[in-house]
Every structure is written in structure tokens, then in C-alpha cells.
Amino acid sequence: MAPEGDQRVGSGDSDFVVVANRLPIDMERLPDGSTSIKRSPGGLVTALEPLLRKRRGAWIGWAGIPDSPEDPIEEDGLQLYPVALSADDVADYYEGFSNATLWPLYHDLIVKPIYHRKWWDRYVEVNRRFAEATARAAAQGATVWVQDYQLQLVPKMLRMLRPDLTIGFFLHIPFPPVELFMQMPWRTEIIEGLLGADLVGFHLPGGAQNFLYLSRRLTGANTSRASVGVRSRFGEVQVGFRTVKVGAFPISIDSAELDSKARNRSVRQRAREIRNELGNPRKILLGVDRLDYTKGINVRLEAFSELLEDGRVDRNDTVLIQLATPSRERVESYIAMREDIERQVGHINGEFGDVGHPIVHYLHRPVPRDELIAFFVAADVMLVTPLRDGMNLVAKEYVACRSDLGGALVLSEFTGAAAELRQAYLANPHHLEGVKDAIEAALNQDPEEGRRRMRALRRQVLAHDVDRWARAFLDALADTKSA
């Protein structure tokens, strides 16, 4: 009798399978009980779509609503395989273990992680369902790319079900320092789960080095000890007769598309309208973030408030726009954070604004893509001040939209993007005076200096786009077959 894992071998017909927590669609349940589907835009699907079409690709993920049907979906020529999650699954696996345990742990304990055995058990169970769905969809010898922190056990589970597959894993958030990761009660299980992959990818070499050390310490595996480079000099972990490759692959954006859209006449016109609606201030500062405690929105608001109070920023000719996309609205800590931020906005406007002319313009709602690009075109200074961020693509999006416009980027040192965007005004978000100095320098920079810096930033962003990121990872993954 064949081993249980072998029963699924070759049962699917997809040569390339992407596995992510979410499908690239938004599903909505209508009043009559039926469902509607619309395409969800994103850099990952944009980068992988040509490959998905060319290689009979499939995407495994959750459709976004509890108890959604598991029938395969064909959406705009893409083959999608939903994994159904119940309301309890969402509460324990997603809102619980993924976002109240892993998220804060991997973001340097900005808030305290919560360790619940029930959440962990559900995380294991849901990861198993994703692995089984992938095993059913993948053709013999297929390539599988697993995405992000919600699915860290899938590589090992899938390896046991389908040893014929070539499996890659990429972590889109920071991988924490060793001493923080060691707090995790299920630390060994996570590392062993990731070691089921043939290639484990991180944004930065530091994350790869942390993973190599933990693999040695927690599993006793032999690992390489030389430093890991960006898209080069890979680390290795010996797992039985397999060699797992470990690398750094900084993710990026579809920079050419953004560059093109930002030059569009209607977008430029809308950017002028935004400036007019704000009273044609001399300088517009912009923040664009998901409403999350890692993003440092409160830091930039406090810095801006103190600059106004100190008279280092003229309240009569400077405005700040803060776009905050709703996020995890049922989680208590996020509700409290939103209230704190809105209180800060109210304080600044009450102290420094005038009737009909607030100095901070705050929007707590999603903004259409073309409108967002118009904001990027309108803004003189972009504020990106996370306390910790794996990469931060907003910083790169702003740069891609600036073409002939100059401008300035204030960027937290604790973003992955800071390693690439060296011509930004870098600041430590934990040092308020440093953030204030960076904002003031960006506001007062010489126009020619601004154009020089922006040209350098744009060379980096336009040359290293999301397509190059995906190709670099998949080329390295393909090389593991011949290793």
C-alpha cells in the first residue's frame, strides 16, 4: 500500500501554485445569500499573473468571508481554489494567532504578544487545510510558492504530502531577532515548518541570518555561517538529505505602471485640484498607512505638533494629509489606537488650525487607486515613520510617482526600504527630535538638492521592481532542483 502522502501525487494539473492567506479577490455575501466577486488589485498578483497564465497556474487562499464555498473559481482567466474558514477559524487562526501572537512578536513587541494554546491548535489545523488544498491542486513536480506569516507550517506539511514538489516560502514581514523569537512557545515547530521549503526568503539579510542561527539552535541542523547577501550569497540548512537555501529578496512595486499613471493628464489635474482645495499651501506633507500600531502615525503627528509649537513649521503655509485605511476594526487595541490618533488630530487642529482651514486633514477610509496617485503627485514631503516594517511599499510608490517633480521622503530607519532608499531623510522613529529634524530638513531642502535626491531614489525604485523581485526568487527556487 502506498504511503498516505503519495495518494495525492500528480492529482492536480497546475504546474505553478501560489499559496497565500487571501485569494486575489474580494468576495461579498449578498442579502439573498448569494456571493459576488470582484478582483482585488495587488502587487503580488500583478507580478505573478503572467507566470500563472503561462504555467497553468493556481492560487490557493481564503476568499475573505466566513464559510465561503470551496468550489474552484475562474476569475479573469486565473484558476482560484478557495479554502473555507469558519468564523471560529478567523477568530483563532487569523485574528488570534496570526495577528495577536505572530504580528507583534515579529514587529519587535511593540505591543505584547498573546500566547493561547487554542489559537495555536487552530493555526496548525488551518495550515493543514491549506497544505491539503495545495496538494490536490499541484501537478506532479510542480513549483509551489507559499506566502507569509499566516502559513509558516505549510511547507513541512506539504513536503510530507507531496515530496515531489519544489516549495518556496517568502516572509513579507520582518523576521525577529533571536532573543525575541525564542519567547515563542512553539518556536521549534515554526522553524521546522519553514524548513519544509527548498528556499526560504526574507526581505533583508538580517532576517535570513536570524533564521539560520535559529535553525542551528532549535533543530540541531548544520547550517552555513557566511553572511547572506541581497539576491546573492545564499545561506544553507542541511535537513536530512535535503539542502534548504535561505536568501534575501527585497520586495518592490510595479514602478513602471505607477510612473506612467502619475504622468497622466487627469491625475496631474486632480493633484492641482487637491492643492487648490487645501488653499494652495506652500508645502503639503502626506502620510499613507494602514491603521496599525506598527506604522508610527502617532509619532509623525507628535513630531508635526511640536514643530508647529516650536515655530519651526509655519502653520499658515503647511498642511499634513493623513490617509489611514481601516484595519482590524474588531480588535480592541486597534479601536483604542484609532481613538488616540483622532484625538491627536483634533488637538493639532484645535491648537493651530482656523475655522474652515484645518492644518491636518485626516481620512479614515480606503482611497481609490487613482486618487491615491494624485495625492502622491500633490505632496511635497512623504512621511513614512513605522516603528518596524518588513519593507514599506508606500515609500517606493511615492518615489515612483514623482517623475519630474522633486519632493522629499522622510523614512524610518526601521523599514526594509531604508536599506535601499539611502537618499531619503532617514530618522529613528523612537527619537522624536530626530524625526522633527528630518521633517524640517525635508521641508526646507534646496529644490536642486531635492531633485538630485529624488533622481537617485527613482533610479533604485524603477530598476528594482516587483517583477524583478519575483523573477529573482523563482530563479533561485528553480536552481534548488539542480543543486
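Including glycine, each Cβ sits where the backbone N, Cα and C put it.
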Listed co-binder of D-glucose 6-phosphate (same site as TYR94, ASP148, ARG328, source Swiss-Prot) among ARG22, ARG217, ARG402:
ARG22
On the three-state reduction of DSSP, what should I expect for GLU397 (UDP-alpha-D-glucose binding site)?
helix
For GLU397 (UDP-alpha-D-glucose binding site) and ARG22 (D-glucose 6-phosphate binding site), what Cα-Cα distance in Å is obtained after rounding to a whole number?
22
Would you identify which of the binding-site residues ASP148, GLU397 has the most other C-beta atoms lying within 10 angstroms of its C-beta?
GLU397
Based on Cα coordinates, which of the following binding-site residues are within 10 Å of ILE173 (site 'Involved in alpha anomer selectivity'): ARG328, LEU393, ALA395?
none
Which value in Å gives the longest Cα to Cα span across the D-glucose 6-phosphate site residues ARG22, TYR94, ASP148, ARG328 as recorded?
18
Chain-internal residues near ARG22 (D-glucose 6-phosphate binding site), provided their CB is under 8 angstroms and they sit 6+ positions away:
SER40, GLY61, TRP62, ALA63, GLY64
Largest tally of Cβ atoms lying within 10 Å of a Cβ, found at which of the recorded positions ILE173, LEU393, ALA395:
ALA395
